[in-house]
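Working notes for the structure below.
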Amino acid sequence: MSREAISNNELTEEQIAEFKEAFSLFDKDGDGTITTSELGTVMRSLGQNPTEAELHDMINEVDADGNGTIDFTEFLTMMAKKMKDTDNEEEIKEAFKVFDKDGNGFISAQELRHVMCNLGEKLTDEEVDEMIREADIDGDNQINYTEFVKMMMQK
């Protein structure tokens, strides 16, 4: 993808850096591509259970060159499109449920640490606390749905 195609999607350098980090979480063997197997591993770690057919569909949706895998350029295109989708409230609700393990309507530091750990992100207590602090508007040391939505919309 050309630089202008990326800039047409209006991704900031910071967003591209964040997506690079996310991409490397999916790209388990570090070969620069995401396979259906790698995608499945990450989705299962997030509590999803996609079928092989669903994984192929997800890859095919963004696999511009048709080689059966997603490279970083294709991943960026997918993320840029996702960010443009205004109808992502349902996705945000689903993401909140993934983090809110006990279903009490709040994401605690422990729940955040658990999900990040499943994603392969080993965070220190300080890093987890910092993430909570950044999103925690009312100062109760946990993230409610409204705070989560605000945080997701800022991305």
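Each residue's number is its place along the chain shown, starting with 1.
Glycine is treated like the rest: Cβ placed from N, Cα and C.
It should be emphasised that the depicted structure is a prediction, and the values quoted were computed from it without experimental measurement.
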So Swiss-Prot lists Asp100, Asp102, Asn104 for Ca(2+) 3; which of Glu91, Glu111 goes with them?
Glu111
Folded-back contacts onto the domain 'EF-hand 3' (87-122), same chain, C-beta under 8 angstroms, at least six residues removed:
25, 42, 45-47, 128-129, 131-132, 140-145, 148-149, 152
In the domain 'EF-hand 1' (14-49), how many residues does DSSP assign to helix, to strand and to coil?
23 helix, 2 strand, 11 coil
For the binding-site residues listed here (Glu38, Asp140), tell me which residue's CB has the most neighbouring CB atoms inside 10 Å.
Glu38
Per residue, counting other C-beta atoms within 10 angstroms of the C-beta, which of the binding-site residues Asp29, Asp31, Asp102, Asp138, Glu147 reaches the highest number?
Glu147
Take the mean position of the Cβ atoms of Asp63, Asp65, Asn67, Thr69, Glu74, the recorded Ca(2+) 2 site. Which other residues of that chain put their Cβ within 8 Å of it?
Thr33, Ile59, Val62, Ala64, Gly66, Gly68, Ile70, Asp71
Per-state residue totals over the domain 'EF-hand 2' (50-85) - DSSP helix, strand, coil:
24 helix, 2 strand, 10 coil
